[in-house]
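Q: One structure, as structure tokens, below. Some questions next.
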Amino acid sequence: PPRAEDGAEGGGKRQEAGWEGGYPEIVKENKLFEHYYQELKIVPEGEWDQFMEALREPLPATLRITGYKSHAKEILHCLKNKYFKELEDLEVDGQKVEVPQPLSWYPEELAWHTNLSRKILRKSPQLEKFHQFLVSETESGNISRQEAVSMIPPLLLNAHPHHKILDMCAAPGSKTTQLIEMLHADMNVPFPEGFVIANDVDNKRCYLLVHQAKRLSSPCIMVVNHDASSIPRLKIDVDGRKEILFYDRILCDVPCSGDGTMRKNIDVWKKWTTLNSLQLHGLQLRIVTRGAEQLVEGGRMVYSTCSLNPIEDEAVIASLLEKSEGALELADVSSELPGLKWMPGIAHWKVMTKDGHWFSEWEEVPHSRHTQIRPTMFPPKDPEKLQAMHLERCLRILPHHQNTGGFFVAVLVKKSSMPWNKRPPKIQGEPVEPREPVRSSPAHPAEGAAVDPAEPESKPASGMDDTDMTERSENVENSGSKKDGVCGPPPSKKMKLFGFKEDPFVFIPEDDPLFPPIQKFYALDPSFPKMNLLTRTTEGKKRQLYMVSKELRNVLVNNSERMKVINTGIKVWCRNNSGEEFDCAFRLAQEGIYTLYPFINSRIITVSIEDVKILLTQENPFFRKLSSETYSQAKDLAKGSIVLKYEPDPTKPDTLQCPIVLCGWRGKASIRTFVPKNERLHYLRMMGLEGLAEKKKEGTVVAQESADSSGLPEDEVSAEHGAEQATSAGASEDASA
């Protein structure tokens, strides 16, 4: 089933290919859909025609400026003063291009919408430059093309840098990216205390998630691959004791029927039936229940779908609230996003089968339909109970109100433990007694049984006992084979059946002889957390060194048997191909430089904006081409990896106003930069020099790029030639890393 922003990053090509390739256009009609939603009255009186009209229009392109604070401001400046200005007075296919407008409810003007559909944006020659800008900046992680409504859940999650966050159904990852940005609200803190664990059940989509998260180069994100409805409880070490990890914030953007995405996924028009919702309701309820169990008391959980259907929306929330017996309540977020238009959640709805039969309460449902329709799909009977739930605090976003997709969001706050988890922690080694599952009322014998034998109501019975089980198994492990600091792939065969077998995550031992030469060469600060360095190999030469925050290290080390980790950590150092002849075998990697920079005390060259231009546009500039200040800093340095740092000058507001840190190489008589192509183009664009970047596309820039991926620190003489040969050499290694 589609999720809110499926295809927001280019995945739409496939869907649109249909009607560009000469197939008959899909007729945007579905009588059952209209009949269903008119009957449920989710659209205000008199607005039905506007609602349907909006659904038939293609979705306008929206974009969000990502990246971290000071860089985001520069990109915004560049967009407004250059690219948006060029769109003024343009006509495409007879339609006047409106200048993009900021989304009124998104903070700091960091999200924008245009009246251009994605198709027009890709096809029109006049918009080619703007489109190229979007593509290139998306690649380097500075903007995300994300549907407007999909930006809402992370904003309502209200995450702070110290929060432990779980994103339960995270792929393709634009919401995850938003959460990572919130962790790094203060760019001067390289390791925020919080982290994001991004999970997806689909192994292939997990790699999409990794790709998205990588653009932000954060040491605080981990991608895992589990079924969200039974995502394992994790342990962390708190002052020497093993404790269960509870999250401060949980995002639960569940798989849904996706009828809010009809403007983008036009297949939905012909495929829509109520069956999808009836089939997904149970899974959605299991996922959100599992989330609620892992939320800390006082924590906040956001439940969202891109469906307008109450069976997937209010019914799931009402059922969860009912079985939580007061442990959860809906938060009133009406004042949190001023400018956003939404409809309050509804308190009364009916259930319709795929052939158009309506049922307004569980008692009316014939036995033959009990497998398909469940009691949890109906609103609570007791009017007082219903009122106390405050379902009107849910938000339903309708497409015609602000020219968006359709969407549903509910914000839940946890007041106390879930009723089935309220048992005193067990003393280790006691037998586990089977327990009667908690039922909300004897009158509903089938309550909750609907949704699968693995219904959370029976699962939490192992809530605390979980602890004992894993502790026993760990003691067995520890007695023998478990290597310290190795987080291997899960041992069970079952885990390896799906997806790729991931390399282990191995933390570098305290006394590893690898580290002192690095520490000395870069004069690393004593506060540098070397415990958090890891590699992905247990034998052979360590080629890449990655880094995670200490909180994620805690999670990794204590849960290696319990968790299928797909990726974590950012690359901070790579081995030089001919590293042994230099004082240090490892060169800095651009990907991790912003994290590493605060700890480096030597080999830093401060450069001027003119130097930056030369370094980014010329292949291997000799010292004499750079400013005398730069030369005087470089001339006494030994050959090897260096940091090039640009500090903005506030007295010259016309120049670039965000700091830049680049990785470079000091050769015999020249300096080169090791910066990936899209990042280099990004910096040139920010300096108003993309013309130069375009010209350099052929030839030297390519050479530089390739040396970049292979990490060849060649000297000037062989630089041109060697770099070209290196084109394919490093690419594969990078890809595999």
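Every residue gets a Cβ built from N, Cα and C, even glycine.
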Q: Any idea which of 123-163, 697-737 is down as region 'Disordered' in TrEMBL?
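A: Going through 123-163, 697-737 one by one, TrEMBL gives region 'Disordered' for 697-737.
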Q: Whose Cβ, among the recorded positions Cys169, Ala171, Cys306, has more other Cβ atoms within 10 Å than any of the rest?
A: Cys306
Q: Distance between Gly173 (S-adenosyl-L-methionine binding site) and Cys306 (active site, nucleophile) at the Cα atoms, whole Å?
A: 15
Q: Please give the greatest C-alpha separation between any two of the S-adenosyl-L-methionine-binding residues Cys169, Ala170, Ala171, Pro172, Gly173, Ser174, Lys175, Asp200, Asp227, Asp253, in angstrom, as a whole number.
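A: For the residues that bind S-adenosyl-L-methionine, the greatest Cα distance is 20 Å.
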Q: What is the separation, in Å, between the Cα atoms of Ala171 (S-adenosyl-L-methionine binding site) and Cys306 (active site, nucleophile)?
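A: It is 14 Å, counting Cα to Cα.
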Q: To the nearest Å, how far is the Cα of Cys306 (active site, nucleophile) from the Cα of Asp227 (S-adenosyl-L-methionine binding site)?
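A: It is 20 Å, counting Cα to Cα.
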Q: At a 10 Å cut-off from the C-beta of Gly173 (S-adenosyl-L-methionine binding site), count the other C-beta atoms across all protein chains.
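A: Taking all protein chains shown, Gly173 (S-adenosyl-L-methionine binding site) has 30 Cβ neighbours within 10 Å.
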